[in-house]
Amino acid sequence: MSIASATLAKDSAVRASVQRTPAALILIGLAWIIFAVVLLLPLYIVVTQGLQRGLDVFWNAISEPDAISALKLTLLATGISVPLNLVFGVAAAWCVTKFEFRGKSLLITLIDMPFSVSPVVAGLIYVLLFGSQGVFAPFLQAHDLQIVYAVPGIVLATIFVTFPFVARELIPLMEEQGTTEEEAARLLGANGWQMFWHVTLPNVKWALIYGVVLCTARAMGEFGAVSVVSGHIRGMTNTLPLHIEILYNEYNIVAAFSVAILLLAMALVILLLRQWSESRLSRSLVRDDE
Amino acid sequence: MSIEIRGINKHFGNFQALKNIDLHIRSGELVALLGPSGCGKTSLLRIIAGLETPDTGSIVFHGEDVSSHDVRDRNVGFVFQHYALFRHMTVFDNVAFGLRMKPKKQRPSESVIASKVHELLNLVQLDWLADRYPEQLSGGQRQRIALARALAVEPKILLLDEPFGALDAKVRKELRRWLARLHEEVHLTSVFVTHDQEEAMEVADRIVVMNKGVIEQIGTPAEVYEKPASEFVYHFLGDSNRLQLAEDNHLLFRPHEVSLSRSAADEHRAAQVRDIRPLGAITRVTLQVDGQDELIEAEVAKDHGSLAGLVRGETLYFKPKAVLTPSGAVQHV
Ligand SMILES: Nc1ncnc2c1ncn2[C@@H]1O[C@H](COP(=O)(O)OP(=O)(O)OP(=O)(O)O)[C@@H](O)[C@H]1O
Ligand SMILES: [Mg+2]
């Protein structure tokens, strides 16, 4: 720890000396101006627009039944997809980094696919698979199951777009750490589960939390893929981002921005969690380097 | 507990890392696996521990074939080349790990574990480091903690992969004497890997010399030194000179087994002095012989008569006192 704080102190000393040059001052000023115009101004507008008719109107907009149901659906989709992707991500990272097998590089590429495929295409894939004209349509109709334009479709689409976050965070770290600590644990009599729980997991703890935070942020904010499979049924298949869009398209600006404030507040909490886990992660990496 | 290694072969892809390895290690023995880098020492050690599966052959512990036993059922203590301490655990927790992982019925209580851990930390003389993390330890300290951790589960067999490899010469020396003492106290069957012949000679009861995946020779330090089974073993166990006699005939001899003379003497060959190096108790003279590029080194006591006033370029007469004969044994002449 003392080493980490020493490094940090040295960093800020370096930064302080850089700040004094005029060029650096101009660049930093520019960065702040761009930051203000591109990020702070819109945030300011969202907040003032949402609150322009007072807190009562804001409160009504976010507590009306459709908004509540959208919030619930967003939380449900996030609540299902994040734990599933946590399990999947840990399993994938584990098998990619601790074992040698055929098709490994293909698997690593496939894990990344949701990053490279447009979310709209991802949504369409689910419609083509589970829609009324889709591949599984006869089976679904026979069993009276509805996936597309219903909650399961939204959950599936959210899982798809947030697929890589956890695995992506873990793979590089686990690759670097190698397998000798696991081997040492087995030699000392640990079974597979004990080895995972007492050795592997603590070694990747902060990267895991960071991955989960990123995954959560994306799951809450996902628009494209969810939009395609949702069907936009108010009170039924609307998530918060979709609800905002509907309100906005109906020229219900105040309500749209009010709900946006809600989503924004949730994102801020996640952002703070991310900041916290990131700093812990970099600190544990500094310790590993020593 | 004795270890019997029978007909082990191991391939990595197309590369054969181990070829027909047969080795019997008696109970309580301390055996060194000695050989150059890449000759398969680590692979053999990992196969004994069960971390690697051989293509063919079997491993027998005390009469019981353990080839199909999982790593955790072999009860082998293993010290990794780079320690492999659990980085997020304190020294105490590292050493306690093996005891805490035991099935509920066999697991000692926390207080028993604590006293056992402190006993082991005292054994490796590092009890005062119990609350530190591995990253806060020096290399030699990590090494000893890794040893304490391996000993905690009371293995009958201890395998050490270049236990002193990453340490400086002085610490190495201390630690290997300490290991030899410990081996006697705890009475284990131990196998340790090294590529340092001096280390092997100093610590081991028997030395297994390996080269390119095969065992070149098995014997006591005196045997492998005095009766090397091959030129490879002879070279690997110490400095050596090659003296070309004819196109396909040469002699091998050690630098310290050379007789020097300032004047022409019986059976001595003439050579030109290229360098004179005082190395403390001995002095090394480098000689150039007509008819071969390879230089000859001779080491004699620093007050040897032939050295008085010797300068480079002078002619000196030398004769090997003991040579490696083609039949294998070192012959004193
Ligand atoms: N997992 C592996 N995959 C492919 N080749 C391997 C693997 N492990 C070892 N080898 C090869 O097998 C040979 C023997 O390796 P090993 O690690 O046993 O050597 P070593 O005698 O311990 O060498 P060193 O003294 O450098 O540690 C080497 O040529 C190495 O490249
Ligand atoms: Mg090795």
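Even glycines carry a Cβ here, placed using N, Cα and C.
Predicted, not measured: the structure shown is a model, and the values here were computed from it.
Residues annotated as domain 'ABC transmembrane type-1' in TrEMBL: A:71-272. Positions annotated as transmembrane segment by TrEMBL: A:24-47, A:67-94, A:106-127, A:147-167, A:207-233, A:253-273.
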Given a Cβ distance threshold of under 8 angstroms, which distant residues of the chain, six or more beyond its ends, lie next to the transmembrane segment (A:253-273)?
43, 46-47, 49-53, 57-58, 61-62, 67, 70-71, 209, 213, 216-217, 220-221, 240-241, 243-245, 247
Would you confirm whether the transmembrane segment (A:106-127) and the transmembrane segment (A:207-233) meet the contact rule of 3 or more C-beta pairs below 8 angstroms, pairs 6 or more apart in sequence?
yes
Sequence-remote partners of the transmembrane segment (A:147-167) [C-beta within less than 8 Å, at least six residues beyond its ends]:
73, 76-78, 80-82, 84-86, 88-90, 92-93, 96, 111-115, 119, 122-123, 125-127, 130-132, 134, 140, 208, 211-212, 214-215, 218-219, 222, 224-226, 228-231, 233, 236-237, 239
